[in-house]
Amino acid sequence: MAKDTTGRLHVTVKTGGKRKLSSKLWLERQLNDPYVAQAKRDGWRSRASFKLIEMDDKHRFLKPGMTVVDLGAAPGGWSQVAAKRVGAAEGKGRVIAIDLLEMPEIVGVTFARLDFLDDSAPDKLLAMMDGAADVVLSDMAANTTGHRKTDQLRIVGLVESAAAFTSDVLRPGGTFIAKVFQSGADAGLLVQLKRDFQTVRHVKPAASRQDSSERYVMATGFRGGRRDKC
């Protein structure tokens, strides 16, 4: 082990056996990531929890009594934070976590194994919530192919689908937050969001790795969706 420029001990993983270089680098990054260690100490399911904590500390979009939908929720780091902030465990607010993968139970969170891309998904969700959501969150990322342009289009397409779903389940004045990656492929997405929301901005929490193009689009002040205009 050696110290890095911050004075912290840096763990180096030896390459041996069948371990690939990519696996070695990923393991080293995890072992030396302070957010990974802090998440374990604080009981969060993933380091991603700190991204939502930081964004909400600054912008205050999660409030007691709100109803929150977490798309692609597994393993549940964002659902944990949302449940705590809206008071779901005390019955003040509600958090609905949606994913195709099973997810261990979280106190105060209702889990739905559901494909949000299915045409019937908005109606099923609205029936579960008995009303519209105040906030829709998405920390999803599309499966990558290794081809940069293809991956960018896949990621933007996923967020566009999440935004379309949101327009069916979000109440006027609500908030939509989704993970995106910095590229020139999201122009259409921004046009869509600026049409449907009063304010649209990009944010990059400190917990997002600095060498990553990851950032979040935050859309606030929902103008009302297709259901409201029928």
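Counting begins at 1 with the first residue displayed.
Even glycines carry a Cβ here, placed using N, Cα and C.
Asp99 is the residue from Asp57, Asp99, Asp151 that Swiss-Prot records in the S-adenosyl-L-methionine site together with Gly76, Trp78, Asp115, Asp139. For the pair formed by Lys179 (active site, proton acceptor) and Gly76 (S-adenosyl-L-methionine binding site), distance between Cα atoms is given as 15 Å, rounded to the nearest Å. Its Cβ taken as reference, Gly76 (S-adenosyl-L-methionine binding site) is surrounded by 25 other Cβ atoms within 10 Å in the chains shown.
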